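Undergrad: If you scroll down you'll find the structure; I have some questions about it.
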Amino acid sequence: MRSLLVFRKIPSRIRLRNLRNNKPFCSQSQFPKESENPSQEQRLLVYGSTSEENPVTSKVSLLSAKPEQKDDASVIDVLLNRRNNPEAALRFYNWARPWRGSFEDGDVFWVLIHILVSSPETYGRASDLLIRYVSTSNPTPMASVLVSKLVDSAKSFGFEVNSRAFNYLLNAYSKDRQTDHAVDIVNQMLELDVIPFFPYVNRTLSALVQRNSLTEAKELYSRMVAIGVDGDNVTTQLLMRASLREEKPAEALEVLSRAIERGAEPDSLLYSLAVQACCKTLDLAMANSLLREMKEKKLCVPSQETYTSVILASVKQGNMDDAIRLKDEMLSDGISMNVVAATSLITGHCKNNDLVSALVLFDKMEKEGPSPNSVTFSVLIEWFRKNGEMEKALEFYKKMEVLGLTPSVFHVHTIIQGWLKGQKHEEALKLFDESFETGLANVFVCNTILSWLCKQGKTDEATELLSKMESRGIGPNVVSYNNVMLGHCRQKNMDLARIVFSNILEKGLKPNNYTYSILIDGCFRNHDEQNALEVVNHMTSSNIEVNGVVYQTIINGLCKVGQTSKARELLANMIEEKRLCVSCMSYNSIIDGFFKEGEMDSAVAAYEEMCGNGISPNVITYTSLMNGLCKNNRMDQALEMRDEMKNKGVKLDIPAYGALIDGFCKRSNMESASALFSELLEEGLNPSQPIYNSLISGFRNLGNMVAALDLYKKMLKDGLRCDLGTYTTLIDGLLKDGNLILASELYTEMQAVGLVPDEIIYTVIVNGLSKKGQFVKVVKMFEEMKKNNVTPNVLIYNAVIAGHYREGNLDEAFRLHDEMLDKGILPDGATFDILVSGQVGNLQPVRAASL
């Protein structure tokens, strides 16, 4: 329902006219001093006429009255008598204002506004008066108060309310950047069915968008649409920008679509915004279509920004052909390529592994422009790092300085990461020291070095770096201390780890869940369950919520210290109290814990509970179960698990195949083991060293050294290194086969690749040589053991003692017996049998009896 007030119909757009002879307000009158007998000039100035018969003759006394006698009512009477002559009314207002003072608080000002907006000749003056009033008032008057004054003065003095007065008031607020008041004015105008001028509304919408009051801008527009006011292209543009700022490109396109349905003709700016919206939705077909449409309609050549948007989207979608075509099209239109588009193209080339094209474009940028910026260098340096081309990365890093670009923390960190990954530790530390000295390294870079130092076991150097950071004003954060604390825990130095934890508290930093997880895990790794649980108590007493990471650490730790039942109980409590979103990781720890404790039935029960709780087992779950079942001679169940994995679409990985193959090899079922090995290869998996070792051991146990050696050769061909276990198994089998030459060659090869013989391989060789009567070589091995500080075990001593017995060297045999005792190695029954039989056979019953 429309307001009872009558509003004058006015054009939706106007051109404000400048005030002629516009002078600023001042404290002195701009008119001649009044006299007892006003001159013709005074009458003309005040009344607009020299006639004594002026319609307001009754008010002539006003000119000669004392200032204090000039009240608002008298001024209003004169103004009302000049309502048909707005310019005369304004002259009188300006004349009376110095005598009376400010009229803005009363009705005088608003009566004048109504008079001025009634004539096109004084529109501009009305607007200027309102602008001055709003901008000079302190505090800024409330919009609702001024609207009320407009409406009330119209009713009181018989004016038809002109919507122009409201719009000029809106203009005054929007020009003074009083956006909230401007919004209030629009809302009140809409309530009064007054149609706002769109240039003024657009200015208000623009202010709302600029300050990110996007929802408020949309709501204001919606209220206008509700009364049938749609706005113009500028309005549509502002609303599209609001949607794009909110990352709602589909909404922006919908705004444009509705505008077109209402008959709007999109201009070049709306096309550009539509292209940007399509790029954000990666609808490149539509974006390219809009570009063509812009050209066909000859609105304008797409701008650099528009072309850049489509190029960026094409690169993001991996469509480099389109991106390059658009770049060429842009250049042919006479539009230069900016650094954003050029850098995006370099990024695309790098992603396509086309480094040549990337560097060609970079060289062109250096020669012809646009000049590469820091982001351009970042893309290339990061690409070089990922591909291990660190010398090239360093070259571009130095080139930045030549071009006057200051490397950032990102560049330093990227190169340091690359050096560390490539095991170029000295280069990494050198660059770090340089950046640290120049102040370029921040806590982020320092934390990377701290982490690396601690992984290398260099916790002393890490601790020293913490001190240097503080002295340089680089405050270590919780991550810094976490790195050092983790380093101490890895070295099982829990006392130092606790000192670091205390430092965190002393520095006023707040330990996070990861901090506590490090300490808890460190305690469990040291089999210190009590202190681990004390750390948990410290968390709860400090009102720190224990999250899933910490709970998982506790469960995993309990399983490691043989408290798997307690871990399962904790898990059950957490599920009941809904304190943890249980994953298969928790159950995996429990299943593995039960297996290591020999509780296979409990492990299977935990698996069944896991499935009952709706948690899907993963490959780790199945591998743990199959490994345990195989080691407990339950191959049928292990194969059932394998079949279940396949039925559920869980692919076997190398550890899973390894568990089954090892199980079959230990049972000498080499046919099944070989079948699984073939299946593994068909799946495209690469066998691991443990799998090869299991197969070699299996064939060795069957005496099939040909097959064992074939696997050894394949292992080397696949690029895998043999470990001590591999060589021990092969040498043992070859010695049993009597192939001493090949066994000796493998032993030499083993030492050549840097493997140091241990007690086990010495035992195998000594026993093998002893059984073949190679006593001289046995003694040689025995001496080599001592030289390498490997203590012979009782089996080796027995073999050497037996050899001396067979050689008739009983004194040396007894000396070795005494040596065993001196080294704390207890002789076994075989030792005594050798020595006793030797004494009796040599008619030394007394010595034999003493044994």
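Keep in mind that glycine also has a Cβ here, set from the backbone N, Cα and C atoms.
Features from Swiss-Prot:
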{"type": "REPEAT", "residues": "162-196", "note": "repeat 'PPR 1'"}
{"type": "REPEAT", "residues": "197-231", "note": "repeat 'PPR 2'"}
{"type": "REPEAT", "residues": "232-266", "note": "repeat 'PPR 3'"}
{"type": "REPEAT", "residues": "267-301", "note": "repeat 'PPR 4'"}
{"type": "REPEAT", "residues": "303-337", "note": "repeat 'PPR 5'"}
{"type": "REPEAT", "residues": "338-372", "note": "repeat 'PPR 6'"}
{"type": "REPEAT", "residues": "408-438", "note": "repeat 'PPR 8'"}
{"type": "REPEAT", "residues": "477-511", "note": "repeat 'PPR 10'"}
{"type": "REPEAT", "residues": "512-546", "note": "repeat 'PPR 11'"}
{"type": "REPEAT", "residues": "547-577", "note": "repeat 'PPR 12'"}
{"type": "REPEAT", "residues": "653-687", "note": "repeat 'PPR 15'"}
{"type": "REPEAT", "residues": "688-722", "note": "repeat 'PPR 16'"}
{"type": "TRANSIT", "residues": "1-26", "note": "transit peptide"}
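Quick one: how deep are these features, and who are their neighbours?
TA: Taking the repeat 'PPR 1' (162-196) as a whole, pLDDT averages 89 in the prediction.
Listed by sequence, the residues of this chain that lie at least six past the ends of the repeat 'PPR 4' (267-301) yet keep a Cβ under 8 A from its Cβ atoms are 233, 236-237, 240-241, 243-244, 247, 249-250, 252-253, 256, 259, 307, 309-310, 312-314, 316-317, 319, 322, 333-335.
Nonlocal intrachain contacts for the repeat 'PPR 5' (303-337), taken as residues 6+ away from its ends with a CB within less than 8 angstroms of a stretch CB, comprise 268, 271-272, 275-276, 278-280, 282, 284, 287-288, 291, 344-345, 347-349, 351-352, 369-370.
Tertiary neighbourhood of the repeat 'PPR 11' (512-546): same-chain residues 478, 481-482, 485-486, 488-489, 492, 494, 497-498, 501, 504, 553-554, 556-558, 560-561, 563, 579, selected by CB-CB distance under 8 Å and a gap of 6+ residues from either end.
Taking Cβ pairs closer than 8 Å, the repeat 'PPR 15' (653-687) reaches residues 619, 622-623, 626-627, 629-631, 633, 635, 638-639, 642, 645, 694-695, 697-699, 701-702, 704, 707, 715, 718, 720 in its own chain, all 6 or more past its ends.
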Undergrad: Checking distant contacts: for the repeat 'PPR 8' (408-438), what same-chain residues at least six beyond its ends satisfy Cβ-Cβ under 8 A?
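TA: Counting only partners 6 or more residues beyond its ends, the repeat 'PPR 8' (408-438) has Cβ contacts under 8 Å with 374, 377-378, 381-382, 384-385, 388, 390, 393-394, 397, 400, 444-446, 448-449, 452, 456, 468, 472.
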Undergrad: Mind checking which residues reach the repeat 'PPR 16' (688-722)? Cβ under 8 Å, same chain, six or more beyond either end.
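TA: Answer is 654, 657-658, 661-662, 664-666, 668, 670, 673-674, 677, 680, 729-730, 732-734, 736-737, 739, 750, 753.
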Undergrad: Taking helix as H, G and I and strand as E and B in DSSP, count the residues of the repeat 'PPR 10' (477-511) in helix, strand and coil.
TA: 26 helix, 0 strand, 9 coil
Undergrad: Determine which residues of the chain contact the repeat 'PPR 6' (338-372) at the Cβ level, with the cut-off under 8 Å and only residues 6 or more beyond its ends counted.
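TA: Long-range Cβ neighbours of the repeat 'PPR 6' (338-372): 304, 307-308, 311-312, 314-315, 318, 320, 323-324, 327, 330, 379-380, 383, 387, 403, 405.
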